[in-house]
Amino acid sequence: MESTFKEMNGESVLDLEDKAGVGVVLRMCMVRIEPLRITLSPHGLFLLLGLAFTDKERDAHYLTGLLPPALFSQDLQEKRLMKILREYKVPLQRYMAMMDLQERNEKLFYKLLIDNVEELLPVVYTPTVGEACQKYGSIFRRPQGLFISLKEKGKILEVLKNWPEKSIQVIVVTDGERILGLGDLGCQGMGIPVGKLSLYTALGGVRPSACLPITIDVGTNNKKLLEDEFYIGLRQNRATGKEYAELMDEFMSAVKQNYGEKVLIQFEDFANHNAFELLARYRTTHLVFNDDIQGTASVVLAGLVAALKLVGGTLADHTFLFLGAGEAGTGIAELIALEISKKTNAPLEETRKKIWLVDSKGLIVSSRKESLQHFKKPWAHEHEPVKELLGAVKAIKPTVLIGTSGVGKTFTKEKSNKLALIGLQKPLILALSNPTSQSECTAEEAYTWSEGRAIFASGSPFDPVEFNGKVFVPGQANNAYIFPGFAEALAAQVTEENYAKGLIYPPFTTIRKISAHIAAKVAAKAYELGLASHLPRPKDLVKYAESCMYTPVYGSYR
């Protein structure tokens, strides 16, 4: 790719229509924006390629002498940075180094992440992003997204227009009330939208300039943060009710007005009481997606479909028990019931009876129905009350145990719980809560207690486990596979080699290929329904999807 610079008054001017690779330089190093060009300082130019500028490019753009004489290719820069990152012993230091790189050299950041995805995914997202959010006020350096607070009520459209990129296709927004399994982190939840959209680009191929992270700041009920002198958000308790609803209505209206009706708005880490309501309120008027309710469900269903080759039977042959009945738990449960209904032609009300949920008060049963939140009521089946997980395991005798509780070690709290896990014939155990500290059990615990019989996957990554001379590789049920896509398309990407290692998800090393296949399945469905706008239909949808994906390779500048 070649970008054209023009010299004007001793400055380098980049044509606005050909700004590939500039990325965050727009936000950091702009001298002036005019209708058809962006003027960059020498520092801004340096951020585009670093030491990869050729001698001719250095002479042409007044960089000679500002850079040392060595020429480093992008591959060599990547090798050097990976060496530096591996010398950091503290995960948060790696996270901060990666965020600095993203601001300094966007293309190099994404090349590192794509080429070293299994090593760096836990750095830029869970589990490290959880600690980053907890300490966001202390490590904050420069904005990576938009902060919209109650102070901006009445002028949110103006705030959106402050963002330098205008062709936005994807927004990930949070209000910070339920960050991973860590609770209310208020304004400091910004690390989640930033991290998620990094994955959209690195793993899904969406252009970084088309992505916009947003945090809606309505306050926080986290007393520790309110008393923290370095907290970067509003110092007040959370707004609720009419005040909250009016702010969200204004935000949603402003987004559509500024970016058009095709912009995707992904709700991320909202608390249960708002998550379901927001999805229901806007799903008919906006292109919306709740990752916690819908994304997690798709990824888990894909894992379950893939696992059938290892555990046998169909989904309808299995009994499912959830620990946790919030957004993730009920969202997964509903998608499983829908899939069983689709495959068996049984009514949804009947297929739901194969699925049981345990919340903080015990097994969800019909005698509790009047006191249940609306999203839990479909799972209130006829059964005597059961107060704890162990009793539910003994009563229900599940073949699949799924943790979405957000509370660590809940599968391991008592010795009897361990025995319950061992008693399952070939248990499928999904400990999905994030970050790692909140996982219901570890991979080693699941494999050891089941004497190597368990099929295990988790929300955050765990290292391979050796048991009785066999190496088990735990899968990661990461929403990065979907964002959003088709569960069946994802399940189809699991190979026999993966199954031999006990994996029910394909490795992240192939995730861009997986993304292209999932995109092709989505596109095929759109053409089938007559909804596709790109005509004529490409002969090879997978190759076409790959051709549309962002590739972080340096261009030449003349």
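For all residues, glycine too, the Cβ spot is worked out from N, Cα and C.
A TrEMBL annotation is a machine prediction, not a hand-curated record.
The feature domain 'Malic enzyme N-terminal' is assigned by TrEMBL to 102-283.
All chains included, 28 other C-beta atoms sit within 10 angstroms of the C-beta of TYR125 (active site, proton donor). Taken from TrEMBL, the feature active site, proton donor covers TYR125.
The annotation (S)-malate binding site is assigned in TrEMBL to ARG178, ASN434, ASN478.
Annotated active site, proton acceptor per TrEMBL: LYS196, in sequence order.
According to TrEMBL, the divalent metal cation binding site annotation covers GLU268, ASP269, ASP292.
Feature annotation from TrEMBL assigns domain 'Malic enzyme NAD-binding' to 293-527.
Here the binding-site residues are ASN434, ASN478, and the one whose Cβ sees the fewest other Cβ atoms within 10 Å is ASN434.
Cα proximity to TYR125 (active site, proton donor) (within 10 Å) is found for none of the binding-site residues ARG178, GLU268, ASP292.
Long-range Cβ neighbours of ARG178 ((S)-malate binding site) (same chain, at least 6 residues apart, Cβ-Cβ under 8 Å): ASP184, ASP269, PHE270, ALA271, ASN272, ALA275. Across the domain 'Malic enzyme N-terminal' (102-283), the prediction's mean pLDDT works out to 95. ASN478 ((S)-malate binding site) sits 11 Å from LYS196 (active site, proton acceptor), taking the C-alpha atoms as the reference points.
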